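Q: Below is a structure I'd like to ask you about.
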Amino acid sequence: SPHATGLGLASMVIVFFCNCYYIMILVWGLFYLVHSLTDTLPWATCGHYWNTERCTERFSPEPCYNVSTNATASTWTSNFSCTDITDQRSPVIEFWENKVLRLSGGIDEPGEMNWEVILCLVTTWVAVYFCIWKGVKSTGKIVYFTALFPYVVLILLLVHGVTLPGALAGIIYYLKPDWSKLSEAQVWIDAGTQVFFSYAIGLGALTALGSYNRFHNNCYRDAYILAVINSLTSFFAGFVVFSVLGFMASEQGVDISKVAESG
């Protein structure tokens, strides 16, 4: 309908800005993939040029108290002290912030260009172009891989994650509900945001793909199947994430809620 032309144009504008934003997720994935092709993972150890003095490979779960004592022997005298180190940083976090993002001190410090990330960005856009350059015919073939391969990865990550120490505590934390959170408006806002994000509502992607269906296609059935698969996938992915968070909490000796950081 000519009266609905504006909807298509608005969808194109929204998709353009969303792609400019979400392409970075693929870029970071490619960046980590390239750096993982080494004998020792660069985010597993300290000692790299992007690490700071606060970098610690293993966190001690035992607390350290400010205690001083004097020890005297017949031949020597010495003072011993113990200081609680509260600003330890994991090499994983420092790799992310100092190597990948190269965070500066503030908006007044623009920093330098990260040419490795720029190369990954160009490579990703080229790959996206060749995935869609022949239209829905090429996209339909590629989607078999892009839709199924993530499930293979999730299964492999879950199998490895549940074998890690502390994974059970993380899964219990994931499955144990906190009903008091339901009274908080932010929880419902986050839930609604996730629904709009996971279903790409308002982006026009589902509408564009649906236009290739047969005229009498059962759209209600497809909608139900999509909703069920999407919800089950999110639920399954939670086991993968929280099994690893439980392991990280066990290694650092902190509560699971304090393990995850932004990014």
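Think of each number as a place in line: the chain as shown, counted from 1.
Quick reminder: no glycine exception, Cβ is built from N, Cα and C everywhere.
Per TrEMBL, the features are:
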BINDING   SER198, ASN230  Na(+) binding site
DISULFID  CYS46-CYS55  disulfide bond
TRANSMEM  7-34  transmembrane segment
TRANSMEM  115-136  transmembrane segment
TRANSMEM  148-175  transmembrane segment
TRANSMEM  195-212  transmembrane segment
TRANSMEM  224-249  transmembrane segment
Q: Sequence-remote contacts (6 or more beyond its ends) of the transmembrane segment (115-136), Cβ cut-off under 8 Å?
A: 23-24, 26-28, 30-31, 34, 100, 142, 209, 212
Q: Any residues 6+ beyond the ends of the transmembrane segment (224-249) with a Cβ under 8 Å from its own?
A: 151, 154, 157-158, 161-162, 164-171, 173-174, 194, 198-199, 255-256, 258-260
Q: Same-chain residues six or more away whose CB lies under 8 A from the CB of CYS55 (disulfide bond)?
A: CYS46, GLY47, ARG89, SER90, PRO91, GLU94
Q: Take the Cβ of SER198 (Na(+) binding site) and count every other Cβ within 10 Å, whichever protein chain it belongs to.
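A: Excluding its own Cβ, SER198 (Na(+) binding site) sees 13 Cβ atoms within 10 Å.
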Q: DSSP secondary structure for ASN230 (Na(+) binding site), reduced to helix/strand/coil, please.
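A: Assignment for ASN230 (Na(+) binding site) reads helix.
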Q: Measure from the Cβ of CYS46 (disulfide bond) and count the other Cβ atoms within 10 Å, all protein chains considered.
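A: By my count, 18.
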Q: Would you mind listing, in sequence order, the residues at least six apart from ASN230 (Na(+) binding site) in the same chain with a Cβ closer than 8 Å to its Cβ?
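A: Set apart from ASN230 (Na(+) binding site) by at least 6 residues yet with Cβ under 8 Å, we have SER198, TYR199.
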